[in-house]
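Have a look at the structure below before the remarks.
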């Protein structure tokens with residue numbers, strides 16, 4: 001089905017509005033938090049501690065959140081977490097406006113925001129496959145990610161303008177709270193034929209292990225996740241750590257040029273998301289397309305390492321962004337279709353935790369690497385590594401089997417049957433049979 005039929009789906013439109021509102025509101029908080037820290041304490045360590053308070057609950061509770069999503073329904077978890085987030089943000093905004101906020105309060109609010117966000121992630125990501133048909137999922141993801149990308153591009157600009165006003169800092173948090181309330185009120189009803197998730201008598205740890213075993217048992221998905229993790233590890237760190245210094249040292253420019261490159265990359269991602277719905281681009285198997293795009297991204301990173309012209313850098317980061325947006329939609333849709341509905345929350349939580357851990361690890365090691373090599377050499381080395389890894393990965397049968405429109409293979413059928421009927425032990429046996437075959 002085309003995107004027009006998806007836009008006539010009332011449940012999808014409700015989720016689209018709520019998701020866009022929540023993400024737009026998040027941009028206000030992302031911009032406001034550093035400035036709030038500066039008003040309370042002009043100390044970079046305090047900012048680091050606040051960000052740690054936001055991120056730590058995600059590491060601790062993300063897998064548990066996935067279990068609760070599968071056990072009690074993603075709709076219920078998303079409504080409750082969005083309402084809780086609205087209350088936290090409105091309270092924070094009120095304290096900022098009345099100048100009653102202290103530093104210890106900020107730490108507590110940061111931890112609460114991180115905790116609430118931990119539960120909204122698997123809940124929101126598990127709902128879309130439950131409200132639209134699998135034939136509509138590619139178009140739905142394309143529209144959803146496109147609108148979300150617009151929110152990400154527009155949000156920081158609007159937040160910056162607002163925060164520059166006298167009471168803008170407190171109002172930014174209030175607006176985010178209102179956006180979270182909109183997200184709670186627009187959560188759609190789920191399809192009635194969805195299977196129930198976890199029995200309430202099953203322990204949380206057992207439920208998490210069931211999800212891990214299922215993920216490991218699906219060889220194709222396992223290989224794809226490993227590939228995606230390695231590719232992200234190679235690309236994310238150098239960009240986060242090295243790009244600002246590359247702009248300064250290689251291009252001889254400042255923050256304006258850096259901001260321009262980030263914006264261009266964002267517009268490239270938006271274009272890639274829009275292109276993902278074109279049928280002509282689905283002729284190449286998705287797994288091979290992802291590898292070829294990563295080869296191009298690696299070569300673009302090499303180009304950035306040797307280039308000294310802003311115009312060429314703009315073209316390179318736009319190319320990287322376009323490829324990333326295209327692959328993101330296709331792989332995300334493939335994974336959603338691959339996972340049984342009763343395991344969606346847990347598997348998505350596991351995958352999110354993997355990706356969440358990959359980014360800071362990559363950034364840390366990239367920072368260490370820059371003590372031994374120049375920034376241009378970092379981009380050249382990582383670019384060659386990414387291109388070589390992606391090119392070699394095309395030889396993997398599992399990667400080549402990832403199609404733009406996922407088919408229900410015998411492997412996926414047997415794994416889903418095991419997860420529904422017999423629990424973890426049969427799932428492990430199915431995995432062994434698949435591997436032997």
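Including glycine, each Cβ sits where the backbone N, Cα and C put it.
Annotated by TrEMBL as transmembrane segment, the relevant range among 223-243, 412-432 is 223-243. Only residues 6 or more beyond the boundaries of the transmembrane segment (169-187), in the same chain, are considered here, and those with a CB under 8 A from a CB of the stretch are 14-15, 17-19, 21-22, 24-26, 28-29, 31-32, 35-36, 39, 75, 78-79, 82-83, 85-90, 92-97, 127, 159, 162-163. The stretch from 255-276, 283-304, 375-394 that makes the most Cβ contacts under 8 Å with the transmembrane segment (347-369) is 375-394. The stretch from 223-243, 255-276, 283-304 with the most CB pairs below 8 A to the transmembrane segment (375-394) is 283-304. Residues of the same chain lying 6 or more positions beyond the ends of the transmembrane segment (223-243) and with a Cβ under 8 Å from any Cβ of it are 215, 258, 261, 287, 290-291, 294, 297-298, 301, 331, 334-335, 351, 354-355, 358-359, 361-367, 370, 375, 378-379, 382, 385-386, 389-390, 393, 396, 398-399, 402. Distant neighbours of the transmembrane segment (283-304): 224, 227, 231, 234-235, 238, 246, 250, 312-313, 316-317, 319-320, 323-324, 326-327, 330-331, 334, 379-380, 382-391, 393-394, 398-404; these residues of the same chain sit at least 6 beyond its ends, with a Cβ under 8 Å from one of its Cβ atoms.
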